Amino acid sequence: MSFNLNKSDKSLIISFKQFPDVEILILLFSNVRNSSEIKENLLSSNSSYNYSFINPKNLLNLEQLFSSIYKTLINYKNNEVKSKTLNSEFIFQLSPNKNIFDSIKRFGIAQDLKDLIVLKALNIEEKEIDKTDHSQPNSLQDHYKHILEIVDGDLIEPNDENISKITDLDLIRKNYKLGKEISTDKQILLKELIGVIQLKGY
Amino acid sequence: MTVLNKGDNNDDLNGIENRPFAIYYNIGEAIEKRIEVGDGPHFTKGKTSGPSDFVLKAGIKDKDKPSEAKDSCLGKLRSELTTLQDKINVYLTERMASNSSGNNNEEAKFEKEILDGTAEDDEDEY
Amino acid sequence: MVVDLDQHLKPGKSSYVAIGLEGSANKLGVGLIRHHPGQLSLSNRAEVLANIRDTYITPPGEGFLPRDTARHHRNWVVRLIKQALDEARLGKDDIDVICFTKGPGMGAPLQSVVIAARTLSLLWDIPLVGVNHCIGHIEMGREITGAHNPVVLYVSGGNTQVIAYSKQKYRIFGETLDIAIGNCLDRFARTLEISNDPSPGYNIEQLAKKGKHFVELPYTVKGMDLSMSGILAYIDEIANTLFNKKNAKPLQNEEGKNKNKKNNLCFSLQECLFSMLVEITERAMAHVNSNEVLIVGGVGCNERLQEMMKIMVSDRNGSIFATDERFCIDNGIMIAHAGLLSYRMGDTTSLEDTVCTQQYRTDQVLVKWRDD
Amino acid sequence: MSFTSSLTLNIPFQLQNQASIALKTLSVDPILRPDDAKVSYLISYISNCHYLHIDLYAISDRVLRVLANNIIASLKTIVECFDEF
Amino acid sequence: MSRDLIERKALLLLPHIPLLVVSQGAEAIIFQTSVHPYLPQLTSSDSIYIIKYRPSKPYRHPILDKQITKHRTLNESKLLLKLLSLSNSNDIINDGAVLTPSLIATDIPNGLIWLQFVGHFLNDPDGVNQKNFNNISSLKNYLWSIEKKIPLHIHSNLKEDDIISQSLEKSIISINYKIKNLLTLIGIEIANLHIFDICHGDLTSSNIILQKNSNYILKGINIDIENDTDTDGYLPYLIDFGLSFQSNLIEDKAVDLYLLEKAIISTHPLFANNYYNVWLLNGYKTGYQLKSKKLNNKSYINQHKTIIKRLDLVRLRGRKKSMIG
């Protein structure tokens with residue numbers, strides 16, 4: 001995959017080898033102050049909020065997120081996307097839960113959430129992979145600016161170190177239904193989470 | 001059980017044109033029964049050496065009859081053996097019917113074993 | 001190292017002739033074969049001088065009982081031997097060795113045939129060689145097809161094995177854990193009350209050709225082994241609910257729907273069982289790094305099985321070898337051939353050792369005539 | 001259990017060799033259940049004939065019948081071989 | 001599908017992924033690739049990832065084919081995950097772990113699984129280090145490479161059931177105790193698997209991959225392992241879970257062992273009965289003993305006994321099976 005971490009503007013753009021036409025912009029915020037506002041806009045289907053808003057507390061590191069993005073793209077290719085939009089599908093695929101609404105509640109944005117991952121996938125050829133309103137921003141640069149406008153928080157570099165500070169192991173245990181005996185070895189725990197994500201829906 | 005002293009006691013064998021015969025003994029009941037094949041005619045197709053009952057009942061033609069005997073001493077012997085086989089079977093079957101012992105199951109099992117082998121492998125053991 | 005097969009050629013003779021007697025199941029076979037000295041090869045093939053068979057056929061819905069099968073063999077064995085000798089225009093002086101099936105098989109039929117073998121051996125003063133039935137199939141298959149070192153799928157009424165040669169033994173890599181493929185098909189033929197003439201398996205194959213709709217059945221491959229009794233129970237149950245309900249005898253109603261249903265069941269059973277056979281064969285091929293397959297045994301005549309196997313093998317860029325019904329169905333010639341190989345290595349079976357045995361595993365036999 | 005039932009089969013052959021081959025051919029096969037039955041063989045020469053005597057002992061008539069039937073069936077094959085070859 | 005077609009189909013499913021066929025198993029074709037599906041390429045490493053592809057089998061009826069392909073792919077992925085969450089550690093002996101390659105990604109409808117690469121490539125007897133899966137460090141190839149060193153004349157004189165004299169044994173298998181330790185460890189690992197109520201369904205010496213791991217020391221044990229737990233530096237990984245299933249039935253576990261036993265006999269006939277299978281079963285017993293000790297629960301010992309008893313029955317059934325016609 002290609003992995004372009006721009007240190008100066010703290011943005012990450014990734015692209016998988018298998019899906020060279022798709023580019024994904026990933027931004028990480030801390031101290032978000034307008035979570036409830038974002039949520040309301042999402043609920044009212046405001047088309048300028050055409051992004052995935054992900055709760056990073058559920059993440060051990062970027063690999064976990066990438067794994068679910070990859071799975072979403074595979075499902076997209078196989079015509080097996082379950083939720084209405086690709087944005088919500090990215091969130092849904094992070095969750096082991098079969099219920100879309102519940103998954104978004106647990107893995108998406110919550111009213112008082114301070115940390116936030118915002119994700120946007122674009123098809124290089126057709127631009128909007130998830131075609132909606134063409135009056136909306138049409139390049140990752142446009143989206144980057146737009147996201148900064150709608151999220152009131154501190155942009156921090158989306159890297160494993162920053163994510164690990166946000167990670168909430170108890171929440172992971174609860175949301176991934178891992179029971180008490182969760183491995184103390186983070187590598188093994190990560191493998192397990194990835195396994196769950198890869199087998200979601202089966 | 002004494003065995004005939006074949007060398008000395010020729011009486012049993014004289015006067016029978018060298019036909020096969022059998023002698024049945026039962027020590028418990030002190031029975032001695034001589035089974036002769038008689039004058040015949042004898043055939044290679046026996047009454048007790050045909051197909052099983054269920055095959056006959058299904059009504060298909062018996063394609064597997066023995067070949068007919070040649071007109072030779074050995075051909076004659078083969079026919080006579082068939083008659084002897086029938087007579088022994090009939091005699092012993094009658095005896096079994098008249099004094100059926102309590103051991104029937106066990107013996108039937110033995111019979112099946114001889115006729116159909118010991119393959120009890122169709123059923124699992126557990 | 002090449003095995004010397006000619007240490008025991010009789011003085012004054014330029015070739016070997018063996019007679020083989022087979023009667024381990026419901027087929028009685030007599031065959032006569034000739035080997036010329038030297039290694040068998042494409043330019044030095046065994047000569048089939050006679051290959052005669054008679055099959056004991058039971059009424060529809062019935063299997064063959066050992067006692068009736070033995071009766072069939074007893075009543076035919078001498079006639080068949082005579083016919084074979086006549087056909088080959090040979091007399092007792094031409095024969096080097098009398099070969100018979102020692103096992104595995106049904107006790108009474110085996111015994112009824114070995115009686116003739118022993119009598120002739122003593123009468124003609126010719127040695128006996130007891131042959132493992134499965135080895136007979138394998139060696140004859142190799143000889144007829146020219147397959148060099150194949151993975152062998154041996155499928156018949158009593159056997160389902162995937163075999164490969166290694167270090168002077170034919171080793172069993174996969175096999176059925178319960179009933180044999182032919183047995184499974186025969187028993188289903190009985191459930192459907194299909195005719196046993198010429199064989200239940202053949203008639204199932206004909207019905208299956210007309211089947212179209214696939215009925216899902218359990219699929220029970222276990223490693224390189226497989227299990228079939230569960231599948232039989234499952235499809236028997238379907239057949240019984242379809243056909244054998246109280247009223248009348250719908251089974252004999254060959255009209256319309258029932259006929260189609262029967263066809264479809266036969267079709268599905270074959271598809272399922274044969275897929276498993278092809279899969280375990282492929283597993284063995286991958287395991288021993290081989291790309292040749294030889295199919296032997298009565299079920300090996302089935303065209304659908306051969307077709308499926310062919311697809312699998314050609315996808316692996318391999319070759320498939322199969323024989324026609326003269327050789328894949330039990331026969332005397334294969335016993336003669338395998339017995340003669342043994343004889344040429346100097347092995348004969350003494351009279352006391354001619355007792356037949358129902359259980360006789362393929363991997364018990366030391367394959368002296370191969371050393372590759 | 002004792003062998004209460006017994007049967008002696010007496011089979012005449014013209015040639016010594018025939019009686020002897022029949023004996024050898026038959027006697028190879030063991031009795032399946034030695035506790036239930038026993039078989040012994042003997043050849044004698046009586047009135048120009050080579051007799052094969054087969055003594056069968058069994059614990060019951062049924063066992064005896066099975067044995068006798070089987071042996072005679074085999075004998076018929078043996079005799080047919082002699083006749084044809 | 002022919003090999004060629006399979007590869008072309010795989011390329012369509014995996015565009016832009018460099019694929020190298022490394023083995024064509026019976027039901028799956030194995031590719032290796034240097035590309036991780038969703039992680040950035042590390043310039044420094046020559047990473048290998050495994051892609052297991054179950055193509056459709058044209059000899060099968062399409063309904064059956066779909067059913068089997070999906071079932072096996074899903075089954076394998078699920079069991080790998082299940083084992084990961086059950087075993088939770090890398091320690092076969094102390095934590096009752098079962099080592100398996102970890103799951104990286106799946107594309108179930110298309111029969112694809114991405115897996116962590118385990119093992120390495122064994123040296124050819126001629127000393128050539130071939131990167132060829134015919135040379136992968138499976139238990140089979142490892143044992144064969146050692147068996148090959150036996151001089152030919154000994155081979156041909158060796159009968160299957162001979163117990164080799166001790167001196168000969170040492171000269172034949174110079175690292176004999178290492179094999180013994182390794183097979184013991186594998187036995188323990190299979191016991192661990194069965195204690196989790198999982199049956200592998202296809203245990204053969206090809207389906208056990210040996211991973212070099214000098215860091216890992218089998219410690220804290222007082223079992224039937226000789227010479228400081230040396231297993232030639234290998235840790236055994238179980239692979240190929242396509243035929244695996246969950247079961248707590250004694251019969252299923254016994255059959256699982258029986259299949260392994262038979263596979264060892266047919267693949268390694270000279271040493272199977274007197275050595276390899278004995279060691280494997282000893283290890284299997286040890287596995288249950290360790291579990292029993294750890295939980296202070298005797299029922300594991302009994303479980304082991306019942307399984308072995310049933311194994312005897314299964315063997316007997318195998319021998320007694322009528323083979324007619």
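Easy rule for this one: first residue shown is 1, then count along the chain.
Backbone N, Cα and C atoms are what each Cβ position is placed from, and that goes for glycine too.
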Further binder of divalent metal cation named by TrEMBL next to C:H133, C:H137, C:D330, taken from the candidates C:Y154, C:Y165: C:Y154
Per TrEMBL, C:Y154, C:V155, C:S156, C:G157, C:G158, C:D186, C:G201, C:E205 bind substrate; matching candidate in C:N289, C:N291, C:N302: C:N302
C-alpha spacing of C:H137 (divalent metal cation binding site) relative to C:N302 (substrate binding site), in angstrom: 16
Euclidean distance between Cα atoms of C:D330 (divalent metal cation binding site) and C:G201 (substrate binding site), Å: 14
Integer Cα-Cα distance in angstrom, C:G158 (substrate binding site) to C:D330 (divalent metal cation binding site): 11
Binding-site residues satisfying Cβ distance under 8 Å to any chain A Cβ, from C:H133, C:H137, C:Y154, C:S156: none
C:H133 (divalent metal cation binding site), number of other Cβ atoms within 10 Å: 31
Integer Å distance between the CA atoms belonging to C:S156 (substrate binding site) and C:H137 (divalent metal cation binding site): 10
Between C:D330 (divalent metal cation binding site) and C:S156 (substrate binding site), the C-alpha gap once rounded to whole angstrom: 9
Overall pLDDT of the domain 'Gcp-like' (C:48-336), taken as the mean: 91
Listed in sequence order, residues with CB under 8 A of C:Y154 (divalent metal cation binding site) and six or more positions away: C:C134, C:H137, C:I138, C:T160, C:Q161, C:V162, C:I163, C:V296, C:G297, C:G300, C:T362
